[in-house]
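Below is one structure; the comments refer to it alone.
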Amino acid sequence: MYADPHAPDSTGSRRDAVPAAGGASPASATSGSDSTSRQHGSLSRDNAPIELIILAGFLGSGKTSLLVDLLQSDDRGETGVIVNEAGEIGIDGVIVEDGSQNSVTMLANGCVCCSLRSSLVDTVMSLLDASRPAGHGPLTRIVLETSGLSRPGPIIASLADPLLSSRGLRISVVSTYDCERGLLNIESFDEAAAQLAAAQRIVLTKIDLIAPETVQEHLSAIRGVNPLAQIVADADRTQAVRQAFTAAPASDPVDLALQALLSSDTRAQAHPRIHVLKGTRRAPAEWEDLSIWLDDLAGLCGDRLLRVKAVFNATDCDEPILIQSVGTTFGMPRRMTQRTDTDDICVVITRDIDAADINAAFPDAPVVLTAAAAFPFSQQEAPPLRHFHRGHHA
């Protein structure tokens, strides 16, 4: 069950607690972290938390090409790179390291979401503690390029390790979507759908290789899996890199994405096994009742729970409470002190379990789930396909 959101710096006490990707500074329920310990976390040159970006995407969707483009633009060598490949021959690591001024570490011969999870924590710690090479700027971000078969949820759960939870990392997920094979991938492979569902930003790759009139079909398919993500649909690879790794979101997803989702009248063209659900409060409820429901939801769904993002107004809290998760890995509840008038908004993304199944399991829960509508895509039209960059897409 979650900690009391009234308490300063209260942290989520779900068993996998870690800051939701793209959100607040890390804290683990098992780490005993408090506001004092977090002050001594890992900071970049401007005292901002170091970013840890999980770069996901299905096999051949262009992760390595996107990462190489990022590193080529980083002439100060401020990016640490971890490359994970399922096989014992680390070819992607060789490609990434070639001509780069950045530190590249290989995690080969295993998938980082399962067999290499402890090695991941050790590798991240090593990058944080390593001395910076001469001529390099301070470490500002770490990019973990996962294998094409990895699921982000277990990786984020690994990062809840007590050794990392006090280091002040800002964790997010960027996923690549292959415009040539993306529709087939999300229909055929659970991993591809899970990678998209977990992402805060989704980058369309090989967009220069498809007809402009087909872009909307891909955008609709992505929204059917993850209506919360910011989509980067720019054929200019320089602009795509900037938006994927360095640009701030256009607006707070709580204010834009969720409200758009809940107000739309059109149905999602969803992956048949993915369910995008919206939550509606049955009646006023205290925070403890809401936190118990979230805990029960995670326990029932297990790895079928892909994302949760919600703002709840508990009767015993003065401010709305923001909750986020990737899989069953929940972030600490955050009081929205600037948004005292926010209505309850809740989005739950699941695989192979629908609203009826969840509601039947918890008939007296304070929140009831229903199938959600899709985004009206007028908010984020695809840019014109300009400055085509044809060539290798790893």
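Every residue number used here counts from 1 along the chain in the order it is shown.
Cβ atoms here come from the backbone N, Cα and C positions, even for glycine.
TrEMBL does not curate its annotations; it predicts them automatically.
According to TrEMBL, the protein carries these features:
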COMPBIAS  18-36  compositional bias 'Low complexity'
DOMAIN    53-232  domain 'CobW/HypB/UreG nucleotide-binding'
DOMAIN    280-363  domain 'CobW C-terminal'
REGION    1-43  region 'Disordered'
- request: Count up the helix, strand and coil residues in the domain 'CobW C-terminal' (280-363) according to DSSP, in that order.
  value: 25 helix, 27 strand, 32 coil
- request: Mind looking up the mean pLDDT for the domain 'CobW C-terminal' (280-363) in the predicted model?
  value: 88
